[in-house]
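The structure under discussion appears below in the form of structure tokens.
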Amino acid sequence: MNIGIAAPKWDKLSPREFLQLQELASYSTRKLQDVLREFSSPSAASTPKCIPDGDIDFDGFRRFLDAFLDCEAPLDLAKHLFVSFLKPNVTQAQLHGRALNQMAAISSTAACAPVTSHTKGSIPNINSIAELMPQCSGGGGGIGGTGGVAGAEGHAQARSSFVDKIHGITDKLHHSLGGHLSHDPSKTGSVHPMLTVTPSPLASGPSMFQASNPARRSVDSSPSHSATNHSQMSRNSSKKSSNSVNCKIDADIKLLARKLSHFDPLTLKVPLKDVVCYLSLLEAGRPEDKLEFMFRLYDTDSNGVLDTAEMDAIVNQMMAVAEYLGWDVSELRPILQEMMVEIDYDADGTVSLDEWQRGGMTTIPLLVLLGVDSTTLKEDGIHVWRLKHFSKPAYCNLCLNMLVGLGKKGLCCVLCKYTVHERCVQHAPASCITTYVKSKKPKCGGDLLHHWVEGNCYGRCSKCRKRIKAYHGITGLTCRWCHMMLHNRCASSVKKECTLGEYSELIVPPTAICPAVLDRQRSVNQAHKKSQMHHHQATHFQITPPDELSCPLLVFVNPKSGGRQGDRILRKFQYMLNPRQVYDLSKGGPKEGLTLFKDLPRFRVICCGGDGTVGWVLEAMDSIELASQPAIGVIPLGTGNDLARCLRWGGGYEGENIPKLMDKFRRASTVMLDRWSIEVTNTPHSDDMRPKVTLHSNMQKVIELSQSVVVDKSLMERFEEIQRQSKQVATSMGTAASSTSIMMASKTETEMETMATMEFGSSTTTTNRTTTTKSISMSTFETQCLQQTLRTAMSSSSSNTSSGSPCNGNQDAETEVDSHAAAAADVREKSVPRRSGETEKQSLETLLLQHKQQMQQQQQQQQQGVTSLAVEEAATATPVGSNQSDNSSQRNKQNNILKQQITLSLDLSDHEDEPKDDGGGAGDGTKSNGNSIPATPATPITPTTPNAASSVLQQQQQQHLQFEQQQKPIKVQSDKDCTVPYNIINNYFSVGVDAAICVKFHLEREKNPHKFNSRMKNKLWYFEYATSETFAASCKNLHESIEIVCDGVALDLANGPHLQGVALLNIPYTHGGSNLWGEHLSQKRIRKSAGPFGKSKKLRAGDKEFSATSFNSVDLSVAIQDFGDRLIEVIGLENCLHMGQVRTGLRASGRRLAQCSEVIIKTKKTFPMQIDGEPWMQMPCTIKVTHKNQVPMLMAPRSEKGRGFFNLLCS
């Protein structure tokens, strides 16, 4: 039967993707418990609440995975991992009628647990099951119901033929389901209650559907044990279902394959706790913590114990991870089965937390699977196991049998190479090496004895020089300390004392290390109390100098450097040296190792990592008082490795043999390296900062001003008509009363004042600038005319008011003021920059209509005022005249105040030195933005109201406050946003284009660290960002915003090609091998022309490369760069292309600017900067670089490949 005709839509996780998942988990710093708590808490606003015991869909699964990995996981990886958790978990509430029968037909190949060796090809089965589920939801009953029996007779023939095809698998499936669904974990048969390892594909791995009985779980077993385990599972069931299952198949089985393409596994859900358990195996941490976390996670009823199903679910995920890690599942399964039997110490059918942790910690393969750290030292004699694949035939040191397997065959101790099977590791003796002695006065003398490990010797005997035949079984002996290999028969002729071999002066023997005395241990505990909180090693050690000629190595390894080769080198050094000489920098830093070696008079430090690792160790050495300053060597594991190139250690570790490297460190010479101190001081912003006028902003203003004077012709005609009507009305009302005319004059004056104060700020801005187009000239001319007209109107109105003349003067002033107000309104509409034609048109029409209505109301009031005035004059006499004189004097004072306010607003517009506001208010009277001025109030304030003058003054004060707020300087950026990564320069410091590339590189690496897992990938990414920066040119015209002073002499950066970057070089190589200072052509010509008897030629004029200034009369063309001369080199970079040309050799060097001992750099804007490859964005500041000190470094010996007879003659 072949139902997998069509290819599945989704594939499971491949081994390559599993390695990628492991790598992503190693980059992450998030804790799985914290991520689960965030997803389970109801306060998480960004993500919906997830129940740990519930199921999640693909979207929730991907959010959880991204949160744990602290980056965006690849989509294909997330899909395939999600599918690996699917399984056909059938429940009574979800299977109806013929869906059960069709599922039973498929169950012969359906095993969808998270990927084991027997779960391949299960996705098509799941697809078929899920596709058939909607069709069966409406018909038939549940499992064992009457609906399935009712339709059995009509399909008897179909059932008969189908059962013949699948060989009775339906009955077996029914038998298994009927017994297991009613199974009670607390009620078991004669078999041990914890031993329920079954091959049922329906109960292995995470569930595909929502299960109504979550306790029904079991472990997918090996195919070789399927028959026995199946019967064993049946015996464990205390009850059997009395119902029968009748198969009803309407469609041919070939139709199942056709429906595969319509099924999408992403519509299903997977259990969240299975996902968490699976990921916890990949998370770094202590095995004890992982065991407790798994226990709490699967203890769904919170009763403090695990039953059989919960135990099986945990082991299920361990089996899935074990296969991807290269385990032989057939070897691991018996170990887990034995553990499940022995873990229940009180035989009560359940496992408590103590029993679970005790059983887990005594199962060595389980500890390796849980992620036990293979680099953490334990007590002497305890092996540090590591799962290993052997390229040559290997034999178990315990059972003496060969390790057989396709993947990783067995466990090997990292420290002594003791090798065992997984099944034998439980009984392996604690025979590992001793790394220290407990007393300074050993009982059996102070000599170190050989530590022999038998078997797996591939080489020649150190005594008889004959090859050791290790292919035929356990034969041969190897000393762990001196690495001497002997035949078994030759071992008796060798002394018992070990000499530590060829590199004895580099190794600290165990006899030289002992626990620290109490007083020192107490001081160390107090000094390192914070650093030791997360470490469980309570004993501190001290080293006694073993010999006057010894110079031991102190090795620091950074496993997270760019090449990701640290773990391998760490294990090799732990085997070649004393393990207490090797430290992992990711676990506490370098202080622990430096504290142990600080009293030694001679030792050397080896940094396995990039340039940042070297800087980290140098910084730690500054904080510790050492008896002597050790020399530092470098094994390049980083991306750039510029310092390693300068010291001849190469641009990257190429897998060279560790003994050869140790020989180079022994023969290396010592040189001095300068270190420079850098001080960065932020520049405070000046109070009178003005916005810089650029060409773009200037053209934008020209466009706005040219649009502001455009007025619709129809609106102009309407305005002129209304103005003519107002003049006629004013002329006809020649008999109006003086009080009424004064009131109207005051009203129009108030309107003019508010309009002028609102709009003269923007219109006078145009006056202060140089007019370049016709539109600007028009605006300026209209503004000047308006100012003159308003002054004339104010003078005439004030004179007419003070004189108290009758109707004629008031009528003229009234007409004049009305026309001026209309003109002000016209220019107001013109001076405001138009946002849209419709808005201006509507606002202007509204203004004209309001003016027309006001004129009509004034005409009616004046007609009523004439009649009332005649009656009052006839009835009143002298008292009325006195009151009128008092009112007129009060009105004169108010008019004088208004005149002063308008004059003040006009005078403010004439001052060019004061800051101006380029933005005007909207024409509709609303506040458009922060720079706009408040619009005119709806009800104008007249001088007859009591608070008229005070209201106008308040408006003026508010406007002045707004102008002051607009001109405040920008808030200074906080120091936290631009933190300098280092205060010491070891390699180089740069500003500009190269730092901009580095900023982009680091931001992308923090977002997607899995894309930067090799040196080649890092260089390709760097090239991509350099290409984009070439076109972006974000740091062009650097000379306009930076000043450089070298030893008191300012450099003229504007002389010559414009620069985009400046770099200060302490070492010759930067950016992964670029020699920016370069070796000039003149030096090459001198070296080639000067023979053994020849004289050097003079430099030609074309060979000289001058700097921007004649810097202290030093000819920079012949200046030689040296990282120990207490001088720093300053070079300029034109662009990214310039850097590439220097890197490829098309150009000799960068632009040499200076060679000095002190540099001061002042920047005027924010620039990208970097120190030794660590970038950041720096606001305007002052940078001072001075010499700090010198440290000894190890220079590798020259390569011997070039030596020979002909090279000797030519040298």
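Sequential numbering from 1, following the chain as shown.
Here the Cβ of each residue, glycine as well, is placed from N, Cα and C on the backbone.
Around ASP301 (Ca(2+) 1 binding site), a 10 Å sphere centred on its CB holds 12 further CB atoms from the protein chains shown. In the three-state DSSP classification, ASP301 (Ca(2+) 1 binding site) falls within coil. Per Swiss-Prot, the feature Ca(2+) 1 binding site maps to ASP299, ASP301, ASN303, GLU310.
Using a 10 Å radius centred on the Cβ of ASP348 (Ca(2+) 2 binding site) and all shown protein chains, the other Cβ atoms total 12. The secondary structure of ASP348 (Ca(2+) 2 binding site), as reduced to three states from DSSP, is coil rather than helix or strand. What Swiss-Prot records for ASP344, ASP346, ASP348, THR350, GLU355 is Ca(2+) 2 binding site, and it gives sequence analysis as the kind of evidence.
Residues or ranges marked as compositional bias 'Polar residues' in Swiss-Prot: 197-230 (among others).
Look at Swiss-Prot and you will find 231-244 (among others) tagged as compositional bias 'Low complexity'.
The feature compositional bias 'Low complexity' is assigned by Swiss-Prot to 795-805 (among others).
For 826-841, the entry in Swiss-Prot reads compositional bias 'Basic and acidic residues'.
The compositional bias 'Polar residues' annotation in Swiss-Prot covers 879-893 (among others).
Summarising the annotation, Swiss-Prot assigns compositional bias 'Low complexity' to 931-958 (among others).
According to Swiss-Prot, the feature domain 'EF-hand 1' maps to 286-321, an assignment based on sequence analysis.
Averaged over the domain 'EF-hand 2' (331-366), the predicted model reaches a pLDDT of 75. Taken from Swiss-Prot, the feature domain 'EF-hand 2' covers 331-366, and the record attributes it to sequence analysis.
Taken from Swiss-Prot, the feature domain 'DAGKc' covers 548-682, and the record attributes it to sequence analysis.
Residues or ranges marked as region 'Disordered' in Swiss-Prot: 174-244 (among others).
As annotated by Swiss-Prot, region 'Disordered' applies to 789-841 (among others).
Here Swiss-Prot flags 874-893 (among others) as region 'Disordered'.
The region 'Disordered' feature in Swiss-Prot is assigned to 910-958 (among others).
What Swiss-Prot records for 382-432 (among others) is zinc finger, and it gives sequence analysis as the kind of evidence.
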Which has the fewest other Cβ atoms within 10 Å: ASN303, THR350, the binding-site residues listed?
ASN303
Between ASP348 (Ca(2+) 2 binding site) and ASN303 (Ca(2+) 1 binding site): CA-CA distance (Å)
14
Quick check: with ASP344, ASP346, ASP348, THR350, GLU355 left out, which same-chain residues have Cβ atoms within 8 Å of the centroid of the Ca(2+) 2 site Cβ atoms?
VAL305, ILE343, TYR345, ALA347, GLY349, VAL351, SER352
How many other Cβ atoms sit within 10 Å of the Cβ of GLU355 (Ca(2+) 2 binding site)?
19
Just going by other Cβ atoms within 10 Å, which of the binding-site residues ASP299, GLU310, ASP344, ASP346 has the emptiest spot?
ASP346
GLU355 (Ca(2+) 2 binding site) - helix vs strand vs coil (DSSP):
helix
Candidates ASP344, THR350, GLU355 (binding-site residues) - the one closest to ASP299 (Ca(2+) 1 binding site) by CA
THR350
With DSSP as the reference, give the number of residues of the zinc finger (382-432) in helix, strand and coil.
3 helix, 12 strand, 36 coil
For THR350 (Ca(2+) 2 binding site) and ASP301 (Ca(2+) 1 binding site), the CA-to-CA distance in whole Å is 13
Taking the centre of the Cβ atoms of ASP299, ASP301, ASN303, GLU310 as the Ca(2+) 1 site, the remaining residues of that chain with Cβ inside 8 Å are TYR298, THR300, SER302, GLY304, VAL305, LEU306, ASP307
Using DSSP, break the domain 'DAGKc' (548-682) down into helix, strand and coil residues and give each count.
48 helix, 34 strand, 53 coil
